[in-house]
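Swiss-Prot annotations:
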- 71-157: coiled coil (COILED)
- Cys206-Cys235: disulfide bond (DISULFID)
- Cys364-Cys377: disulfide bond (DISULFID)
- 197-429: domain 'Fibrinogen C-terminal' (DOMAIN)
- 100-122: region 'Disordered' (REGION)
- 1-19: signal peptide (SIGNAL)
Amino acid sequence: MRLPGWLWLSSAVLAACRAVEEHNLTEGLEDASAQAACPARLEGSGRCEGSQCPFQLTLPTLTIQLPRQLGSMEEVLKEVRTLKEAVDSLKKSCQDCKLQADDHRDPGGNGGNGAETAEDSRVQELESQVNKLSSELKNAKDQIQGLQGRLETLHLVNMNNIENYVDNKVANLTVVVNSLDGKCSKCPSQEHMQSQPVQHLIYKDCSDHYVLGRRSSGAYRVTPDHRNSSFEVYCDMETMGGGWTVLQARLDGSTNFTREWKDYKAGFGNLEREFWLGNDKIHLLTKSKEMILRIDLEDFNGLTLYALYDQFYVANEFLKYRLHIGNYNGTAGDALRFSRHYNHDLRFFTTPDRDNDRYPSGNCGLYYSSGWWFDSCLSANLNGKYYHQKYKGVRNGIFWGTWPGINQAQPGGYKSSFKQAKMMIRPKNFKP
């Protein structure tokens, strides 16, 4: 049943009065006049037209406490409006894209544009050709890479073969040149013979002193090449028949072997104790005659072993004092030709300030604190630091990789050291 308009308004006024009363009670108002009469008034505001009459409802000021959650309603409404605008924009963009696609697909709605159809066909044909060319280009690149790999392999093989061939030829020529040089040095020039009819003997190495009757080990002067100055060497006249020219000696650690290129070139130390004779002098000695090399080693347990090589030659400084050794014999093991990657034969001389080794990531001479014919890096190094006992850390001491038990040390553990080491040479044809 529908209530008449005036009855509905009366109900609204009554509800408003009750709300005001509750508000006054809540605020603690005790004014009798406020409790006696309802401040809400309903009264006519004009003439009636039929069953419809205008009314005016007057309400006092009313404060209602709203929940806190309604405070963020305005922000939420703003976000909703923003999202609605974004959605409307996307819808419009999609509609535009669809219209453009329809225009390109069927302009004018009749599908009769033959020019654009032909153009599309040409574009597809060009794309097909581009894809085909790209595939062929990729195949060509793969083939080029394969050929480059084969070429590098062949290049390395050829370079190794050429290097071995050249080394063999150089070794043979060295023997011949040394032989001829030895013969020529014994034949004085005619001018020299006329000026000095009585000749003094030239001692090219310690074996010449031995042949002439000297049997005491010590320092002697030699002239391996009459075109260069004479110099002193230490001669071992006792070991294995005598006549040995000592190139290097380690006895007590009194000489520092962590030296630069210039020091190893000229030589250093004390001939009576520890020394390196000098690469220039070693070159002259090994150039004048075909030499053999003997290495004597002794550890701190009293074990003494030796290594003998039937050929020994050191090139000049221009060739970086390259080492040439022959076949091995002895008891200490062939540490100079330990393996493929640790082979000191045919290697250049390296010092901490001159990197000529085969190690790609650093300087072996700098890492092992010495000058030597390093490979990548070492299986032998007689110029390492002198340790008076076993040591830890980098294996930078005197080292001979084939010594009994020397490689049994655990990584980071103690490493063996040597009490004595000596390198000496003698002519291959020497007979005590």
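The backbone N, Cα and C atoms fix where each Cβ goes, and this holds for glycine too.
In this structure, the disulfide-bonded residues Cys206, Cys364, Cys377 were compared by how many other Cβ atoms lie within 10 Å of their Cβ, and the smallest count belongs to Cys377. Summarised as a single figure, the pLDDT of the coiled coil (71-157) averages 69.
For Cys235 (disulfide bond), the same-chain residues that are 6 or more apart in sequence and have a Cβ closer than 8 Å to its Cβ are Cys206, His209, Tyr210, Arg214, Ser217, Gly218, Ala219, Tyr220, Gly242, Gly243, Trp244, Thr245, Val246. In three-state terms derived from DSSP, Cys377 (disulfide bond) belongs to neither a helical nor a strand segment and is classed as coil. DSSP assigns Cys364 (disulfide bond) to a helix. According to its DSSP assignment, Cys235 (disulfide bond) is in a strand.
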